[in-house]
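Undergrad: Once you've had a glance at the structure underneath, I'll fire off some questions.
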Amino acid sequence: MSAVLKSPADSAIADISLADWGRKEIRIAETEMPGLMAIREEFAAKQPLKGARITGSLHMTIQTAVLIETLKALGADVRWASCNIFSTQDHAAAAIAATGTPVFAIKGETLVDYWDYTHRIFDFGPKGSEGEGPNMILDDGGDATLLMHLGKRAEKDASVLAHPGSEEERILFAAIKAKLAEDSTWYSRKSAQIIGVTEETTTGVHRLKEMSAKGTLLFRAINVNDSVTKSKFDNLYGCRESLVDGIKRATDVMIAGKVAVVAGYGDVGKGSAQALRALSAQVWVTEIDPINALQAAMEGFKVVTMEWAADKADIFVTTTGNRDVITFEHMKAMKDQAIVCNIGHFDNEIQVAKLEEHCQWEEIKPQVDHVIFPDGKRIILLAKGRLVNLGCGTGHPSFVMSNSFANQTIAQIELFTHPEGYDVGKVYVLPKHLDEKVARLHLKKVGAMLTELSDEQAAYIGVPKQGPYKPDTYRY
């Protein structure tokens, strides 16, 4: 098959000959993703996404391939790009492109390519046609959503592109300027057709909520990240397995006996700290929130500041979703051969730009660099400060991603089939009964038996026998 297969014209992938390998791994992943497979079985005949044109911006992995094929099985037309320049699994991209689905994703693509690909996933039909652009966005980190909003603003006021704050913004702004020079109403036409967006991750949700608060959000939005079966599983249990996998694939370092600093003790930080401790590292945590700091202390982690820890620890992991968590000054103070990495969405948690400005770089292998300071000291930076688990590893296991992607699929169905239930410009979460449904779909795979309430028990605690079992305020 791979010897004669030609790369589709409406795609940008590394190597179509990898499609057969990708297809074999997709088949394995399907056996580990019961939620998505059950949704296919339940909804395929009904075709609830027939007529949906979904622009997908999410890591192009084997697990994402199962999501894409689930959306297609439910009737959707899909165009896809990765949301990170290092996270693509090229064999997964090839397998999906080989089926005729447009895919624009290459591991190690440039930022120029990245924003070109993100533009191309919005081109569904001829200019001016009813199906010119998408009517749904499935986003991870909010870049596809950002592109529509920023581009539409720039159509009316080019000054919004005048002062980029980073190299990535410079490239993004240049891409928007080039598109506007080619087609001055491209963004407004595309955005006008979009019903809504479903957002996968914490960083993207922050962006949505910020736009909603300002009254500038153009679409309806569902916050998939804060579904319990996403944040308490993907963010915690997924990171618990994929963080150390990425670090060890990149460095072959012994974790035991090392001092590891985890910046942030949210769900991602909790999973990361547990993983490092399980391999017998001494784990320290930095936190801004007194509640999270107290949680970390009660779990036996030493809570410190980055300033205090910088010259003492061996491994540093950022998990916060904030910027400048590890600064150039912190890294100047670190030990020789300290390992620095990030498992938050964007690379600005670590001041990588200042390392590029002031230090020499020596590539050890793809996504593993020695950063050499003027005094000769070296630190090891993984994935250039981007997601270490996807840049240096293969990301979260299939099973936990089935939880997340089942939520994404249900959210897409909800917004597409019931847009009248969601106000434009507002951000929603899926109702509790759908969260519980996603959990139910995964119990059999792990051999879990669910106890059923009697009528008397249900009446005693005041909940329906079939759920929902907890109020929305319950924290799990």
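Cβ coordinates come from backbone N, Cα and C, glycine included.
Since we're looking at a predicted model, the values are computed, not measured.
What Swiss-Prot records for this protein is below:
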- T61, D140, E200, K230, D234: substrate binding site (BINDING)
- 201-203, N235, 264-269, E287, N322, 343-345, N389: NAD(+) binding site (BINDING)
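A description of the local structural setting of each listed feature is requested, covering burial, neighbours and distances.
TA: Counted within 10 Å of its Cβ, the other Cβ atoms near K230 (substrate binding site) come to 29, all protein chains included.
Sequence-distant contacts of E287 (NAD(+) binding site), defined as residues of its own chain at least six apart whose C-beta falls under 8 angstroms from its C-beta, comprise G264, Y265, A293, A296, V303.
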Undergrad: I need the nearest neighbour of E200 (substrate binding site) among the binding-site residues G266, V268, H345, using C-alpha distances.
TA: H345
Undergrad: How many Å lie between the Cα of T203 (NAD(+) binding site) and the Cα of D234 (substrate binding site)?
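TA: Their Cα atoms are separated by 14 Å.
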Undergrad: Near V268 (NAD(+) binding site), which binding-site residues out of T61, D140, D234 have their CA within 10 Å?
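TA: The binding-site residues passing the 10 Å Cα test are D234.
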Undergrad: Name the residue among the binding-site residues T201, T203 whose Cβ has the smallest number of other Cβ atoms within 10 Å.
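TA: If we count Cβ atoms within 10 Å for the binding-site residues T201, T203, the smallest count is at T203.
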Undergrad: Substrate site residues T61, D140, E200, K230, D234: biggest Cα-Cα distance, Å?
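TA: Of all Cα pairs among the recorded substrate binders, the widest measures 17 Å.
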Undergrad: Which one is it: of the binding-site residues T201, G266, I343, H345, whose Cα lies the shortest distance from the Cα of D140 (substrate binding site)?
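TA: When the Cα distances are compared, T201 comes out closest.
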Undergrad: Measure from the CA atom of T201 (NAD(+) binding site) to the CA atom of D234 (substrate binding site) and give the result in Å, rounded to a whole number.
TA: 10
Undergrad: Of all the binding-site residues here, G264, V268, I343, which one's CB has the most other CB atoms within 10 A?
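TA: Ranked by Cβ atoms within 10 Å, first place goes to I343.
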